[in-house]
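K.L.:
Structure incoming, see below.
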């Protein structure tokens with residue numbers, strides 16, 4: 001280069017170039033006018049200063065290197081340095097040519113501050129945004145990576161790079177996609193993609209690549225592109241996407257709504273799905289409280305507002321409420337509202353966030369359960385006398401109120417609050433067979449058992465215990481229902497039926513007895529008559545004997561007749577009953593008449609025969625004929641079976657009835673016979689006199705007649721000591 | 001031939017005694033069970049006739065039969081029921097409890113006397 005120091009100086013006074021001469025140490029020997037802006041000093045003061053003092057620290061070493069290169073190699077050097085002038089006017093970037101001449105270095109520089117600002121900021125931007133630049137020449141297949149591109153691949157900047165090599169950093173499965181990308185660009189299509197690379201160091205990174213084809217003569221001659229590390233962003237987005245998805249799924253799954261209540265504007269933000277469900281306007285972010293109130297079930301509104309006000313005043317931050325809300329279809333559903341309250345300094349709630357949870361099904365289930373429970377209880381309380389539900393261990397799970405009352409009263413335990421074994425509190429009568437029935441029920445059989453017991457109040461009660469096994473879906477017995485059914489009425493009816501049946505049988509037996517007895521009573525005198533007739537017919541007897549036999553014959557004949565007469569009386573009872581002729585009769589008179597009728601009979605037996613009348617002369621409403629027949633039979637009977645002592649006939653009036661007593665000191669009646677004395681034909685006697693032997697129908701007839709008249713007849717007797725008949729007859733029927 | 005006739009009805013006892021005595025039998029009458037039991041111990045008997053209904057409160061003919069059966073001395077002595085109980089089934093009932101023969105009242109003397117003569121033949 002034809003160049004002299006003087007030329008350098010004179011030529012450059014007016015130039016925009018910075019012209020500085022320095023020695024090998026960097027001390028300034030000359031600086032042109034322009035350079036004064038660099039040093040911010042007048043030209044004479046610059047001379048002798050070290051230029052190093054003006055170069056920014058980090059480039060000082062580079063400066064040394066350049067200077068020494070310049071001196072040692074004796075070749076011109078070109079480098080850009082940044083200067084920080086003494087006055088703080090910012091950094092100047094100067095691009096210098098350094099030439100060694102006469103052991104001095106001639107530096108000429110141009111100000112590239114403005115251009116470099118862009119450059120440096122781009123570099124820092126590239127670093128900060130982790131974005132590199134690249135280009136590719138499809139014709140020469142030249143590939144270029146910017147420094148940051150190398151950094152992003154964990155490669156040493158300047159490492160030779162080709163398209164194949166660049167693509168090898170992608171995952172094998174993605175590589176075809178990248179080649180396709182390149183193909184698109186060559187086909188003039190600007191494009192971009194996001195992919196994953198594995199760097200030289202094995203780090204996985206998500207990158208975003210942009211490419212732009214440069215076209216010349218309708219042909220792609222060059223491709224510019226960027227290469228950005230978006231791993232963080234990608235991960236963040238993925239996370240956001242995932243969270244969003246989770247949230248959506250969660251919100252779709254539950255029929256709940258998120259809400260955000262702002263108290264300052266008295267409005268609430270509801271999640272979209274919830275708004276959709278309730279038919280709330282989707283275009284409005286906030287729903288006014290008044291609008292929501294209209295959707296709350298009228299029955300729940302007042303209570304829910306009360307709860308709301310109270311809930312907001314509560315300590316802490318939580319909030320709870322519940323009410324029914326009308327949905328789009330017009331149905332009300334139950335919601336529970338859980339919130340978290342934000343408060344201001346004055347402890348006033350300003351905002352509340354939470355969710356509305358649809359508990360409709362749960363509420364319905366609860367309702368059904370409660371309803372079923374009360375139904376079961378109603379069944380238990382009304383269906384049976386006593387009902388107890390037991391678990392498989394025999395503990396009481398549930399019982400009707402009556403049973404509970406009894407158990408509490410008698411055993412002082414409450415099966416509803418403490419586990420109670422049924423065996424320990426059950427009625428004694430059932431205990432003995434409980435385990436048998438319970439075990440049968442556990443096997444799945446329904447068992448019944450009838451028990452007779454006395455109630456708390458002493459009444460007789462018949463209970464039927466029924467053990468019903470209750471099975472679960474798998475047909476296992478999980479509990480046993482024990483019910484005690486009061487069957488007293490049925491049982492009583494059954495017993496009555498049985499008794500009636502027995503009576504009927506007795507009656508039928510009685511009939512055949514009557515017949516048999518009649519037969520006997522007729523055959524006995526008939527035997528006498530037949531035998532006597534036989535004897536008399538043979539004609540062998542002397543007249544005296546014949547007379548005696550005739551008398552016997554008469555007696556037998558009379559007895560036979562009496563039997564037949566009484567029989568007709570007896571059979572006429574029904575007719576008599578229909579033709580009663582009631583009159584008010586003086587009892588003293590009536591009884592005395594009968595008494596008189598047998599005075600002769602009693603006298604003939606030398607008995608003490610006594611009549612005692614009532615001084616008040618009581619009277620009674622009677623049919624005189626049958627009453628007298630009844631009394632006569634008894635008086636006759638007493639005298640007949642009394643051989644010594646006395647017979648007493650007595651009338652005694654009482655308040656509403658009259659008592660007639662006929663007492664004798666006769667042979668008496670044995671215990672066994674006493675029961676049957678009023679049965680027809682029973683009475684017979686060992687009395688010596690057979691003259692008045694009856695048919696055995698008399699007392700039976702008396703009893704029937706007295707009963708027809710509304711009275712009754714009793715007999716007290718002791719064998720060999722006598723008999724007392726007491727006839728009671730009402731004064732009025 | 002000695003016959004014991006247990007009968008509480010005096011007329012019947014008397015007239016029966018008459019009829020049976022005609023056939024050369026010696027007839028003893030007992031009015032009730034206890035008397036009859038006394039009498040069998042004192043006498044040698046060939047036949048006993050028992051009425052069933054012996055009166056209210058009294059041992060009846062069936063009970064008396066039971067007592068007779070316990071006595072060794074009566075082991076081979078026939079005991080006949082002579083009774084006014086003559087409903088269907090009565091005959092079988094009395095035979096069943098141990099009477100050797102049954103006669104209903106009024107008594108058919110042809111039958112009774114023919115039975116007695118058979119007993120007499122056996123003795124002879």
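Using N, Cα and C of the backbone, Cβ positions are placed for all residues, glycine too.
Residues or ranges marked as domain 'PAS' in TrEMBL: A:4-69. What TrEMBL lists as domain 'PAC' is A:191-242, A:445-499. Summarising the annotation, TrEMBL assigns domain 'Histidine kinase' to A:517-733.
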K.L.:
Please list the DSSP helix, strand and coil residue counts for the domain 'PAC' (A:191-242).
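P.N.:
So the counts come to 12 helix, 32 strand, 8 coil.
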K.L.:
Could you put numbers on the helix, strand and coil content of the domain 'PAC' (A:445-499), residue by residue per DSSP?
P.N.:
12 helix, 30 strand, 13 coil
K.L.:
Looking only at the domain 'PAC' (A:445-499), what is the mean pLDDT?
P.N.:
83
K.L.:
Counting each residue once, how many in the domain 'PAS' (A:4-69) are helix, strand and coil under DSSP?
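P.N.:
Tallying H, G and I as helix, E and B as strand, the rest coil: 33 helix, 12 strand, 21 coil.
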